[in-house]
Structure formats: structure tokens, C-alpha cells
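Read the structure below first, then the notes.
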Amino acid sequence: MSQRRLFVTTALPYANGNFHIGHIMEYIQADIWVRYQRMQGNAVNFVGADDAHGAPIMIAAEKAGKTPQQFVADIASGRKPYLDGFHISFDNWSSTDSPENHELARQIYRDLRDNPQGSLIETKTIEQFFDPEKNMFLPDRFIKGECPKCHAKDQYGDNCEVCGAVYAPTDLINPYSALSGVTPVLKSSEHFFFKLSDARCVEFLESWTQDGKLQPEVANKVKEWFSVRENADGTQSEGLGDWDISRDAPYFGIEIPDAPGKYFYVWLDAPVGYLASLKNLLDRRGESYDDYMADPKLEQYHFIGKDIVTFHTLFWPAMLHFSGRKTPDNIFVHGFLTVNNGEKMSKSRGTGLDPLKYLSLGMNPEWLRYYLAAKLNARNEDIDFNADDFMARVNSDLVGKFINIASRAAGFLTKRFDGKIGDASGDFPNPDGQGYPSLAISEIGACAAEISELYEQRELGKAMRKIMEIADGLNSDWDAAQPWKLAKSEEPQQLARLQRICSNTIEGFRLLTLYLKPVLPALAIEVESFLKIDPLNFSDATKALPKGHPIGDYKHLMQRVDVKQLDALFEPPAQDTPAQAAIETVAPGGEDIAPAITIDDFAKVDLRIAKIVNCEAVEGSTKLLRLTLDAGEGRMRNVFSGIASSYRPADLIGKHTVLVANLAPRKMKFGISEGMVLAASHADEKSNPGIYVLEPLPGATPGMRIH
């Protein structure tokens, strides 16, 4: 069989935070598949990168007092402990801000623009949302509102997470700025569009998405996006729409060729990052990227989550095809990972699964690799991490079944036969000298084809079940052969039987290790050392250990999961636990919690949302600001607040806050104050200065009561 050449990627994580367990699940799934391919002798380039561009990163960097480049670099510097810790074998990790990505993204754009059959890029003057308070055009992800297709609330400005619709931000119903909460205003701006609605794109994608590349459930969903269809609310959704691929300065990204002040929208250059990371790798090796991609036998695969199917099954293949490039051979879509019977992850409640915490507790990364493999399949179904099931599977399957096989047989070979393998012919002779052929070694070796195909099809759960079925058979054969009885004898015939049984068992263990190696790579290295063999590949399935082959002394290969480790893994942060609260003597915020009150006491305080319509300094006072508040009463309230040291009047106008609405009016030197605005501060103002006015999340309106 000729060697295959594969180019494999995972989705690019956005460079605004650490990896979460969902990232690690995807990387483990892809890594297992890649390791399997390498064990088949195939040449694989497995690459990843940080998705480094976009206004959210620009805004986060500004808040952190860093340049976007430094912000992204700091995030990237924290990737290695995760990848090394869980044995993820990427050949390269790059960034979409790399020179290679700038070069490739611009060239792909030019090729689309200059397509010989007619340009697939056009410009349109559009009305774009602008935040007058922040004085900037709003990125799609910083505009929220009602989906124009399915009318789901609080959807982002570029696509709906409920129905999957893609639209312009201006299509949102009742939009608001996620940065300030204000209603944005419209300003005209020239934008660049990729003409996905072009008949050429539609024809190509209708064929490409339905030719067997995609999982059936994914292909069926994608098929819906090509047609005019009725939504549940009676509205209609059209077919493929043109895709806005530009953003206005200020923006952290790649500037569009021949268009000063215009930048590629992050979703255009992000998938190009797959190619850029590969190019970076090949350039460093001294290999030609163009020659590599031009190889007609090259296979290209992307592992992604089901939340980004639209971009990878429509925009990405169309961009590649009409820019004259190879399209993916397949898009492998997986579901989400939930925790403990579908409970939503929450660190504060102790229902999150922090990958670094998992490692810091000394938990074996291959426990998690095996557990996820045992649950993953070729469909895009969600899977659940259940703590009890995790402990049971690892302790029963890996330790009780798999590792147990080696520990039972190795000791006899070392003590009685100088660690030498005997004749492993395939039958397990029982104490009466009769063959016990329930699971011949040749049969275990013959399972390689079935297990190999399951790996190839990403049916990891089925592969693990088949492997554990073999392990069960080996353990049953061992028990039926009763070698411990033979070990008590000094008769040559009995000892020969003992050596043969132990040799068969070790050979079975070797084969199981081979089959599990894509999932348990570190353990496989230990076993290879113990058995004194070369690195295992699938071609070794029929190459049994020869008679007289020496093995090493057996050392324990894997510990069981301790329930205390799982308890610690899901333990809420220490400051949230009653025990920690009892130990801590430092008063929160510099002052003790006030004496307890009843719910009736609290109900006497009427807290309302109020909009700050106007704010001005108070002449004669260095502490007070005069606030004009709209509390939904049909009139304005005048409230004085001692926040002048922390806020400029202009910064508060238009914001919403919390008002004590039923506080008795207070006559002051400067006028009457009709309530109180809530603000937070530390009791020790010298060491912890600052006053922080309370501001509700977007969506709250004047007059709403706080309960």
C-alpha cells in the first residue's frame, strides 16, 4: 500500500484566553487520528495556530495596556503546557498575524478579485453601526440584538447561534452596543464582499457539500442553507448570501490590498491560517509549499466543532476553489463536551473541567485521552464527561483489564525463564495439557484490520470497545489456563506449558498496546521499553515476539484514578467554600459583612434601573456630581452623588445605573437629592482608591425594578 500524504488541522482558537476543555477534546480527537495515520506509515503534517486578529483582541489589549501583538504573544506563550501535557503532537503552531498569513490572505483575495471568469469581489456602500460613546465602528461581536431570521434574542451581529443564519449587523432588530449599552447610530462606509450568491459559487457548493465529504447530518443541515425556506415563525430565509469580508479602521488585522484603511474581516484570514502555518513549517524545513500543495495525492482534513460549520463548509471551500487552490477532502465535525450529565460548566459551582488543574493534580493525561476516545464517534453528537463513569472506565478498562495482563504474565517469565519469551504459538494449554483455543494470538493479530478501519473512520468508541473485548478474552484465557498451578511444578513439560501461556499472554499484551498506541502514546513508549522492542506500527501486528526474545523487569505502568483527585478537580475555588470562609479573617472590601436582615427588610428598599440623561459638576463642591435621571416615571429626578473623584460628567451621560428610588428626598446645600445612585468602593480609600458606579448589563431599561 502506497504512503498517503495528509495535511491535518484543528480549528484555530481565538487568542483572547487560555485553552478550555473543549479545545483539548478536539485536539485529542485529531491527535489520535494523526497518530494512527503515522502508525500506518503515512506522512502527516499536523498544524495549528492562534486566531490573532479582530476588534475584540484590539479592545482587550487596550484594556490590558498592551499592543495587540504583545497581547497575542502573551496568550500564545501559555499554549505549550496544555499541548505537551496532553501529548498533542502538532508539527507546528503559528499565528494568523504571521508574515505567511499576511502574504497568503492577500494573494487569495487578489485571486478571487481577478478571477478570469469574472471577479468574485465587489464593493458596496453600506450603513454600518457606530458607537457614539466609544467613537468607533462596532465589530459584529460587539453588536447584539434580535435575529432577523428566527427572532432569537441577544444574537451577535454577524450570525445567529440559534438558527445558523448569516447576516449584516444592520439586519438585527433592536440592536445595542455590547460595549456601552447605547443604541448605535448608522454611518455609511464602503465594504468589500465575497459574492457567495454568484451562480458559480452556488453550483460548486451544492456539489461539493453533497458528494459524501461531509457527515450525513452535517450535509443535510448545509443543504437547507441553499433554498428559500419557511421558518417556524412564518418568515422566509433565502439561499446563500454575499459575505462581508471587510472592516474599517481602527482594526487589528490584515489590510486589504489597494484599499487603505480597510481590513480583512477575521473570518477571511483565520482559515487561511491553516495554510500559513503549513507554509511556515515547510519553509523552515526547506521544502516547497507550492509543490506540496500541488501534489494531486495530497489529502486535506479539518477537525472543527459544530458551531463553525457555516464558515468551513461554505466560505472556506468556495474561497479556495475560486482562487485556484485545493479544497478540503473532508471536514470532520464534532459535538460539544458537557460535564456530569449535561450540566453547564461553571468554575464557581465546581462543574467546570480546567485542563491545567487536571494536570496539576497529578492526573494522568492518558486517562482523559482514553475516556474521550471511548465516547467519541464519527458523528457530531455531544458527549458528556461524567466523573463516576470516568473513574469506572479508567480503573476497569485500562488498569483492571489491559495493564493487568502484563502484570500477571511478566513475573512468571522473569522468575522462571530468565525473562525469555517461549513458543507463542497461539493456543493456551490448560493444566491437563489440552489446548484452550478460545482466543488464539493469530486471531488477535487479525483484528488489526478491523481496528484500523475504525480508527480511519474516527469511530474511536467502537475501536476502544473492540480492544477491551480482546482484553477480556485474554484475561479469561489466562484464568482458564490456571498458570499459577503450573508454576508450582518443576516438571519440564509443565514448565514448558507455563512459558508458552505467559509468552502468549505477553504477545497479546503487545498487540493490545499496538492497538491503543494512538490513544496512549506515552504508555506505549513505556511498554516498548519493557518489551525491548522498536516503536510499534500497525505493520507489526503479524510480527510476533520470537522465541528467546528477552523482556525487561515489569514495573507498574499505570495507577488507578483516586476519587480524591476527582473531588479536587471539581472542587469550587477555595474562596467560595465554607471552610475557607471560616479560615479567612480579612474582611471583604475592608469591612465586615453587615448583620443579617430578613427578606422583608430588603423588600422595603426599592431599587430601580435609571438612565443618566445628564451629568454636571456642582459648583462649590469637589466631591459631588449632579445627575439627571430617568427612572421611567415620566419625569426626571435630580440626584447628587459623591463620585466626582472618579468620573468625568461626560463619561456618565447615556449610561444606565441603579437608583434607590424610595429614599426620602434630602435637602442639601446645592438643592434637593431625590434618591441615591449605588456605587462600590473599598473601606480603605487610601490603599484601595476608586469609586465604581453600578451599571446593569445591556437590555435593562429605565424603571425596571431589581428584585
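Any Cβ shown, glycine's included, is placed from N, Cα and C.
Given the ranges 124-128, 344-348, 349-353, 634-638, the record in Swiss-Prot names 344-348 as motif ''KMSKS' region'. When Swiss-Prot is compared with the stretches 13-23, 101-111, 431-441, the one noted as motif ''HIGH' region' is 13-23. Within the group of binding-site residues (C147, C160, C163), the Cβ with the highest number of other Cβ atoms inside 10 Å belongs to C147. Same-chain residues lying 6+ beyond the ends of the motif ''HIGH' region' (13-23) with a Cβ under 8 Å from its Cβ atoms: 50-52, 54, 56-57, 60, 71-72, 75-76, 78-79, 82, 95, 305, 336-337, 339, 345, 352-356, 385.
In this view, C150 (Zn(2+) binding site) is surrounded by 17 other Cβ atoms within 10 Å of its Cβ, with every protein chain counted. Reduced to three states, the DSSP call for C160 (Zn(2+) binding site) is coil. In terms of DSSP helix, strand and coil, the domain 'tRNA-binding' (601-707) has 7 helix, 43 strand, 57 coil. Those residues of the chain, other than C147, C150, C160, C163, with a C-beta within 8 angstroms of the mean position of the Zn(2+) site C-beta atoms are P148, K149, H151, A152, Q155, E161, V162, G164, A165.
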